[in-house]
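Working notes, structure below.
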Amino acid sequence: MSTNAHSSDNEKGRNSDDRPDIASYTPRPTRIANAAPVGLFSFASTTFLLSMYNVNTRGIHTTNAVLGMSIFCGGLTQLLAGMWEFPRGNVFGATAFSSYGAFWMSYSTIFIPGSGIINAFAGREDEFHDAVGMYLMVWFMVSFMFMLTVMRKNVAFTSLLFFLALAYLMLAISEWTGNIKVTRAGGGFGIIAGLIAYYIAVSEMLAAEKSAFIRLPLGVLSA
């Protein structure tokens, strides 16, 4: 009887105290290094590049040059980062990196000629843009829900997800309306999100170095 009560107490302790989150969590014993920097750099680079295209930097209107990067950098590398975060006990990092890795690979697939997705909408361009707009709106919702998990805990990640959600929202609206100004607004928000992700990635890398000459705060508000 006492053994069961002891086990129950342990179980309660695990449920109440062992709650990893992005702001502060106790890494589980593992030889796997922090995967957050590689996931963040991959996310930042792909988001920043596509957003530069969306604001028509140097007159670029065709964004297909980002496909290779979005598949292997934003997609595959982020997905791997998410898988590496699971054994470290970082539930948010594992979920976010895996999800955005899947986003980049699925988004890229739409525009790969061999996928046949665009060809399926031949002669129905309006329907295609409506479909892509709905796709992007789903990711606005996902990003918003991710933001809710870090609000009041971490300023840097909250800001990142806030601007990312706005970027998805603007790009979804631009697909539905065809308004180039809204597309550029989405690109602008994406650039900001990419820069914040770069900042967080550098902060995470510096935190892993014992002799780093500087530390970059992430604005942790609560443990």
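Cβ atoms are placed via backbone N, Cα and C, with glycine included.
TrEMBL does not curate its annotations; it predicts them automatically.
Residues or ranges marked as compositional bias 'Basic and acidic residues' by TrEMBL: 8-21. Here TrEMBL flags 1-26 as region 'Disordered'. TrEMBL lists 32-53, 65-84, 104-122, 134-150, 156-173, 185-202 with the feature transmembrane segment.
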Positions on the same chain near the transmembrane segment (104-122), where near means CB under 8 A and six or more residues out: 46, 63-64, 67, 70-71, 74-76, 78-79, 128, 131-132, 135
The transmembrane segment (185-202) touching the transmembrane segment (32-53) per 3+ Cβ pairs under 8 Å rule: yes
